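Database features (TrEMBL):
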type    : residues              : note
BINDING : C97, C102, C138, C142 : [2Fe-2S] cluster binding site
REGION  : 184-222               : region 'Disordered'
Amino acid sequence: QHINSQDNNENTPFEFTKANMDKAKEIMSHYPLNYKQSAVIPLLDLAQQQHGGWLPVSAMNKIAEIIGVPSIRVYEVATFYSMFNRTKVGKYHIQVCGTTPCMIRGSRDIEAALLKHLGVKRNEVTKDGMFSVGEMECMGCCVNAPMVVVSDYTNGSEGYSYNYYEDLTPKRVVEIVEMLRKGEKPPVGTQNPTRIKCGPAGGNTTLLSDPKPPPCRDLDAV
């Protein structure tokens, strides 16, 4: 249910920038002319990037106008997928994986450390507008649990980035937050210095050399 507010109502101005309108046209060119509505998800993502990480109803109405469908068709998509934010988020929107492998490996401790350090509740934005914390289900790297993803909206769609940080501890996730606050770029991926990407922590214990090829058969003898 949408409730109008001062900065989120049908009369709130929203227009794609010229650069993003060009991107929108390029996105729609990927689809047949009679199926422009198929571009709704990438267009919503583009609008969210431009608008600081969330979608006002006026942005959804603009997308409906561009692809030529009733507004409700866009609302249905935006409210179904958790990747779209209907309320304001921080310039750095941090989402903690809450699925079973990450939970077993301490994701609730990661979230608790973030909320305590930032002084917010889940889905709240810090007073300076810099950070918000949410939850996401399964980020697809269970071997490196627990993990978070950070959406960076500090520079709009031009500088937008979406980065995973894995093998986290409460101490390390707070360090990452402070690096972001200073404008630094924490190394993405695993935060475990004994692991290479998704390889075993401490290094391989098997497959330490190239496998031997199978023996050649004498087909003439067979």
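Placed from the backbone N, Cα and C atoms, the Cβ positions cover glycine too.
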CB-centroid shell, 8 A cutoff, [2Fe-2S] cluster site C97, C102, C138, C142, site residues removed: G98, T99, T100, P101, M103, S107, E137, M139, G140, C141, A145, P146, M147
For C97 ([2Fe-2S] cluster binding site): intrachain residues, at least 6 apart, with Cβ closer than 8 Å: S107, E135, M136, E137, C138, M139, A145, P146, M147, V148, V149
The region 'Disordered' (184-222): DSSP-derived helix, strand, coil residue counts: 0 helix, 2 strand, 37 coil
Tertiary neighbours of C142 ([2Fe-2S] cluster binding site) (same chain, Cβ under 8 Å, six or more apart): T99, P101, C102
Residue among the binding-site residues C102, C138 whose Cβ has the most other Cβ atoms within 10 Å: C102
